[in-house]
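As recorded in Swiss-Prot, the features of this protein are as follows:
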DISULFID  Cys57-Cys75  disulfide bond
DISULFID  Cys63-Cys82  disulfide bond
DISULFID  Cys67-Cys84  disulfide bond
SIGNAL    1-25  signal peptide
Amino acid sequence: MINVSLKRSLLIFISVITSNIGSEARELTGAGKKLEVATRSSNYAGTARTLLQARPCQRDVDCNFQCPRIQGGQCNNHHGTCDCF
């Protein structure tokens with residue numbers, strides 16, 4: 001009986017710790033705020049998609065993460081988008 005209560009308390013402790021780590025990570029990245037702004041009103045139905053999209057590029061290096069690795073891409077500075085090869 002003692003073994004079962006110990007396992008239960010350990011499981012609760014681990015779940016609390018991991019949930020706190022997840023909430024801190026969301027605060028650091030700002031993901032919670034982006035979703036909160038997008039879901040605040042029905043007038044902003046398409047806002048969640050645009051807020052969570054990748055940031056516009058500023059250099060060609062930024063396009064390496066958005067384009068396939070082998071082909072790569074080039075940053076279109078005028079539009080702030082990546083043109084993949």
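For all residues, glycine too, the Cβ spot is worked out from N, Cα and C.
Worth saying up front: this structure is predicted, and the values here are computed from it rather than measured.
According to DSSP, Cys75 (disulfide bond) sits within a strand segment. Its Cβ placed at the centre, Cys82 (disulfide bond) has 20 other Cβ atoms within 10 Å. Secondary structure at Cys82 (disulfide bond), as computed by DSSP, is strand. Note: the Cα of Cys63 (disulfide bond) and the Cα of Cys75 (disulfide bond) are spaced 6 Å from each other.
For the disulfide-bonded residues Cys67, Cys75, the largest tally of other C-beta atoms within 10 A is found at Cys75. Long-range neighbours of Cys57 (disulfide bond) (same chain, six or more residues apart, CB within less than 8 Å of its CB): Cys63, Gln66, Cys75, Asn76, Gly80, Thr81, Cys82. Within the group of disulfide-bonded residues (Cys63, Cys84), the Cβ with the highest number of other Cβ atoms inside 10 Å belongs to Cys63.
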